[in-house]
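*Asks:* Positions annotated as active site, nucleophile by TrEMBL: B:Cys262. Positions annotated as active site by TrEMBL: B:His346, B:Glu348. Positions annotated as L-glutamine binding site by TrEMBL: B:Ser56, B:Gly234, B:Gly236, B:Met263, B:Gln266, B:Asn304, B:Gly306, B:Tyr307. According to TrEMBL, the domain 'Carbamoyl-phosphate synthase small subunit N-terminal' annotation covers B:12-151. As annotated by TrEMBL, region 'CPSase' applies to B:1-188.
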Amino acid sequence: MKENIKKVLVLGSGALKIGEAGEFDYSGSQALKAIKEEGIHTVLINPNIATVQTSEGVADTVYFLPVTPFFVEKVIAKERPDGILLAFGGQTALNCGVVLYQSGVLEKYDVRVLGTPVQAIMDTEDRELFVRKLDEIGVKTIKSEAVDNIVDARRAAKELGYPVIIRAAYALGGLGSGFCDNEEELDVLAEKAFSFSPQVLVEKSLKGWKEVEYEVVRDRFDNCITVCNMENFDPLGIHTGESIVIAPSQTLTNSEYHKLRELAIRIIRHIGIVGECNVQYAFDPESEDYRVIEVNARLSRSSALASKATGYPLAFVAAKLGLGYGLFDLKNSVTKTTSAFFEPALDYVVCKIPRWDLGKFHGVARELGSSMKSVGEVMAIGRTFEEAIQKGLRMIGQGMHGFVENKELVIPDIDKALHEPTDSRIFVISKAFRAGYTVDQIHELTRIDRWFLQKLYGIMQTDKELRAFDMKGIQRWRLDPALIRRAKVQGFSDFQIARALGLDDDIEKGMMQVRQFRKEHNILPVVKQIDTLAAEYPAQTNYLYLTYSGTENDVQYVGDRRSIVVLGSGAYRIGSSVEFDWCGVQALNTIRKEGWRSVMINYNPETVSTDYDMCDRLYFDELTFERVMDILELENPHGVIVSTGGQIPNNLAMRLDEQHVNILGTSAKSIDNAEDREKFSAMLDRIGVDQPRWKELSSMEDIHAFVDEVGFPVLVRPSYVLSGAAMNVCSNQDELERFLKLAANVSKKHPVVVSQFIEHAKEVEMDAVADKGEIVMYAISEHIEFAGVHSGDATIQFPAQKLYVETVRRIKRISKQIAKELNISGPFNIQYLAKGNEIKVIECNLRASRSFPFVSKVLKINFIELATRIMLGLPVEKPNKNEFDLDYVGIKASQFSFNRLQKADPVLGVDMASTGEVGCIGDDLSEAVLKSMLSVGYRIPAKNILLSTGTPKQKVAMLDAAKMLAAKGYNLYATGGTYRFLAENNIPCTQVYWPSEQGEPQALTMLHEKKIDMVVNIPRDLSAGELDNGYKIRRAATDLNIPLITNARLASAFIEAFCTLSIDDIQIKSWQEYK
Amino acid sequence: MTQHMDYMQKEKKATLILDDGTVFRGISFGADKNIAGEVVFNTAMTGYPESLTDPSYAGQLMVLTYPLAGNYGVPPRIFNEEGIATFMESEKIHAEAIIVSDYSHEYSHWNAVESLGDWLKDEGVPGIYGIDTRALTKKLREHGVMMGRIIIGDDDKENVSGFGQYGNVNYVDNVSCKEVITYAGGKKRVVLVDCGVKHNIIRSLLKRNVTVIRVPWDYDFNQLEYDGLFLSNGPGDPDTCDAAVQNIRKALQGDKPICGICMGNQLLAKAGGASIYKLKYGHRSHNQPVRMVGTEKCFVTSQNHGYAVDNDTLGTEWEPLFINMNDGTNEGIRHKTKPFFSAQFHPEACSGPTDTEFIFDDFVALL
């Protein structure tokens, strides 16, 4: 090492949110590893407790605190690090670092920024500086010219070259903007734009240009490499995070590839990056013209993808370069012998596909555009483009089987759907081909390069040939093996083939028939290595994928049954994200520690579990039954772990079991008994455990009869969803009718499950590990919100703070009974309702749950390690520590990304909406609540608070909090009912008016004028008027970045916290200091 | 662009047989012609038009490790008035065949005029796809170099003999120009010894405003008036080019700048007394890292060679200029006192990275 550094501070990115997700756990973990192996003490600030980087043994000291200048400065003052890394925690860390630099904090405490200097960061972040900087070296950027008359507009357009975009300056929502292909069109549009605004921006239109990215690395000796380039499937205009991305580029010639590469290197040198950055280009599809879109002077989502796509550990290398190393000092971590100064050669193609969850939100705009909405992504590897994209379309896990043979989409206007892309754009293309559109027609409407479309068309053609076999009826098994081989090379699954062949009466059987046929004709996948050098040099690499374009396996299988396969968690989505990556990594670590070979199957490029360092073999491939079986047949493991990767592996358990796969831990049959609603209910009845009443119903009469019995409110879960969210609580007849009409089509084929919904009940979670039916370790935590808020959105306190001793006792007793009955060996989670001392079971999962990392880290007992040891058949002792010994409390709070989801109603309900979470520890409840709320982006309000607190019951629940606010000197503003209620209780407040009311002041106006510092808006029910008024307030608060709380109990907890504690009262204590 | 996938009906089998008897079966997409040659691989991910027309590939069956080929078609085969190709590296395809995993029958690029398959057919060069090129590459890597035959059609029972001997042919003589060609430029005159020169070497020199006198590989240029000598790349074994070595040796007596590329590096080294050996793992890629000796400067380079200069045999007057960062082999030499230097890699790129184009600047600055 070249620098004298003993302690380094690393900033994390906080909770997962849209645009900033798991990729930064991966980058940060790599950076910490790179620094730690130099013998440097590492300090990490990251409130995201579910991450791998905040686990024991990764950083030396961990602070679960907000990554904001205030807290980072306090940590710096306490820890006095020599250096700080800003590039590994996304935009959050970068922005925070820039503020600390500008405010002189870094200088004050003599903290050196390692890697890219802050000035270089500012040069890339500030649009004007950036353009000027690139102008200095004659590199073209996207410029717009501001003009104030039509003559100048014409001149500017001429200089920029048509087509141009005209925008009215200072106009929101794109008023007065549009494309012009020539001067006539410009005259018309410019006139209109000038009517909105005195100033008009003229910008070159790059509509339809290709989008290409390069990942570039530079050391302080000015040596540069481009590790990877990537090409977007979608043309410019769709955020790169929303686009399907292919690496390496497919449609660029050598001259184009190297022209952009050379530019990227010139740019990174001129800006002065030390470490890693990415350069994004717009590239003309009709010439070699280009524009630089932006440069990210930090590790990014793309760099995580590039690392996984190439096997080049960008974050690890960037951290080393920050310490002063040269690229020539470092080794290629795959070959271990060749230099890290090189550019990987791929002998495969990768395809990244985003995962959206827009269906979870009410009212959200589904169009894709320049802002990101996806919540996760997958990466698929193949030796043909078709193989990679079809794998990827299955991996996104939204019920699709590839490019063809999916459930038919209903697209009223294909032209429009092609032209205005939404989250289902790729399937619209499939639909269009089916409807007879040509490659050229689709190209005209989408501007997607013909090459990609031709490849997709080829998939469609093969599908047609397969379908033709069905026509031959009994002859269907006179199949041409060459056709099946071609289909497999093009990435068809056995499911797709079976369906195309018309074997979908019993599709499971059909798939097995196809599998059998393949085996008979030796149509089998082969395993290939990712070695960074395309086999030019020998490499001992464990980074693997499967392909049908090959005749030989790269690895030898010894068949000693000493390996354990862990199934990963797939794409991050709402409801399953970094917490299951943590679980998977802990399982891998334990397997290795116990002397077995660990094998991971997963395909999420944002994860640590897909880092080839984490296991003995990594199969970066699908988690479908077909692919998992392919791998198991080759690998012949001792057993498979299905309980640490969330629902995807859990769902495979039964089918793997049928194929006599050794499922470690709890048996597949038990898993089924817990998953199957009927079987589980029967079991609870048998052992005398209570649960909310429910029934599966297939007619309106039956539904009404059941509701008459149990009373409103009820929870309604349709099995077939037409639109909108999948579940809803209905509190009266009107809502029930409306929801069923709107969302579900009740019939024999599509029954709905209706459950009794218990109001004002506490929700309690039991996370536990059992060995042969006996509980070895458990954690009982309590939701702050009452039942009705999805457990993934709820704020969770651990240890439980306000449960009756009797409640806890009953929960323990029931959990014991269930563990015994299902003979659980491994992790499990049970959710309970508690009202008074009455306990009901809502749900039971025989796998690790979302809260496992949280309770493990608060309790400092690794639940997954225990569970894994049990699954390996090793003896475990009951830890002699439990939650009742803790002198501190942990709070897990949820992160929402509503600001990214235009038009979505930011309200919580029975369906999960949060994209991430934090977990903070405090000496008491209030401190932990305050830390965690600040960590998910809330601010302590300055003075004005707007209250609309819902139903009378909720109003009462909020009364104490309102009193506290008033006593603390806050100005309260309240809408009608709330105003009257507060006035009656002698709490001073000012009345404001709903959008639908006449009167001043208007709540919305106050929000827009930034007169409100916090909004508490509790929806009363789902009636139309209430929804509309409330929606407008909630949405405005979200769009204007004003903290919003929609739950009375959470609002009360937060208000109590900041009324009793000030921000300076928050202790700067590391995780290690809580003992 | 048509959407007819009629090729599927008329696909023709093709077989690659290696000299150890290993058989790889695929499908033909090029000329209908059986052929033999040395089987070599290249790990570049772009640049098949440049590589195929690179004279250094004469006599070789080129395996691309990047599995997708033909995506962007083939640019127009056009030449300027002096006969320099606009988009390619010579007048024609020099490789004997191309072997890939997945071929794109349909291509898409604004500058493309034909498909890779059509071009191969037109120039009488076979192409195979559907081969496990990774398995093939691993085999070639371990064997060093192998001879192979391509048989088009079902007739793959033909006997396995008749692979030819790559080492026996003087490929340099086959691909070198037959007479002196002068490309008028600036005042300074550079003699370019054509052992199979890539056109981008000529372009790179002309761009720097010099007059280029391109001479056949065995031409005695010492009789010419010139300001600098440039030794080109070329195919095959440097030991077959003794005539060139003799001529260079004479030039070494003088003080005029000399620069060499690839084969040129080896010929310069030989003329300076060093010896050449065959590498265990040849360098055939766009991602070869080299370091300038005695500095912290590193470059990513394009390479295509199986022979290397033995550093230990360099005379006392010479020293290594660049070293390969992966295996420590020689990547260039320089004379300790005179303006003679050379690179084993390809500063002219085409295809490949352009990091080392400064070699041309350095050379021209010395004139």
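Easy rule for this one: first residue shown is 1, then count along the chain.
Using the three backbone atoms N, Cα and C, a Cβ is placed for every residue, glycine included.
Caution: TrEMBL annotation is automatic and unverified by curators.
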*Asks:* Neighbours of the L-glutamine site B:Ser56, B:Gly234, B:Gly236, B:Met263, B:Gln266, B:Asn304, B:Gly306, B:Tyr307: Cβ within 8 Å of the Cβ centroid, same chain, sequence order.
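*Replies:* What remains near the Cβ centre is B:Asn233, B:Pro235, B:Asp237, B:Pro238, B:Cys262, B:His305.
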*Asks:* Go ahead and report the DSSP secondary structure tallies for the domain 'Carbamoyl-phosphate synthase small subunit N-terminal' (B:12-151): helix first, then strand, then coil.
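*Replies:* In the domain 'Carbamoyl-phosphate synthase small subunit N-terminal' (B:12-151), the DSSP-based counts are 26 helix, 46 strand, 68 coil.
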*Asks:* Is it possible to get the count of other C-beta atoms within 10 angstroms of the C-beta of the residue listed as 'active site, nucleophile'?
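*Replies:* Step by step: centre on the Cβ of the residue listed as 'active site, nucleophile', count other Cβ atoms within 10 Å, giving 30.
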*Asks:* May I ask which of the recorded positions B:Cys262, B:Gly306, B:Tyr307 is closest to B:Glu348 (active site) if we compare their C-alpha atoms?
*Replies:* B:Cys262
*Asks:* For B:Cys262 (active site, nucleophile), identify the closest of the recorded positions B:Gly306, B:Tyr307, B:His346, judging by Cα separation.
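*Replies:* Comparing Cα positions, the candidate nearest B:Cys262 (active site, nucleophile) turns out to be B:His346.
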*Asks:* Give me the count of other Cβ atoms within 10 A of the Cβ belonging to B:Gln266 (L-glutamine binding site).
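*Replies:* The Cβ of B:Gln266 (L-glutamine binding site) has 30 Cβ neighbours within 10 Å.
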*Asks:* Looking only at C-alpha atoms, tell me how far B:Asn304 (L-glutamine binding site) is from B:His346 (active site), rounded to the nearest Å.
*Replies:* 8
*Asks:* Just name the most isolated of the binding-site residues B:Gly234, B:Gly236, B:Gly306, going by other Cβ atoms within 10 Å of its Cβ.
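*Replies:* Among the binding-site residues B:Gly234, B:Gly236, B:Gly306, the lowest count of other Cβ atoms within 10 Å belongs to B:Gly306.
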*Asks:* Rounding to the nearest whole angstrom, report the longest C-alpha distance spanning B:Ser56, B:Gly234, B:Gly236, B:Met263, B:Gln266, B:Asn304, B:Gly306, B:Tyr307, listed for L-glutamine.
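*Replies:* Of all Cα pairs among the recorded L-glutamine binders, the widest measures 14 Å.
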*Asks:* Within 10 angstroms of the C-beta of B:Tyr307 (L-glutamine binding site), what count of other C-beta atoms is obtained when all protein chains are considered?
*Replies:* 19
*Asks:* Between the Cα atoms of B:Met263 (L-glutamine binding site) and B:His346 (active site), what distance do you get, rounded to the nearest Å?
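*Replies:* Spelling it out, the Cα of B:Met263 (L-glutamine binding site) and the Cα of B:His346 (active site) are 10 Å apart.
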*Asks:* Which has the fewest other Cβ atoms within 10 Å: B:Ser56, B:Asn304, the binding-site residues listed?
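*Replies:* Relative to the other binding-site residues in B:Ser56, B:Asn304, B:Asn304 has the fewest Cβ atoms within 10 Å.
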*Asks:* For B:Glu348 (active site), list the number of other Cβ atoms lying within 10 Å of its Cβ atom.
*Replies:* 27
*Asks:* Are there any residues in the same chain, six or more apart in sequence, whose C-beta is under 8 angstroms from the C-beta of B:His346 (active site), and if so which?
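*Replies:* The answer is B:Lys198, B:Asn233, B:Ile261, B:Cys262, B:Thr301, B:Ser302, B:Gln303, B:Asn304, B:Gly352.
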*Asks:* For B:Tyr307 (L-glutamine binding site), just give me the three-state DSSP call.
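*Replies:* It is in a strand.
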*Asks:* How does the model score the domain 'Carbamoyl-phosphate synthase small subunit N-terminal' (B:12-151) in terms of mean pLDDT?
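*Replies:* Taking every residue in the domain 'Carbamoyl-phosphate synthase small subunit N-terminal' (B:12-151) and averaging pLDDT yields 96.
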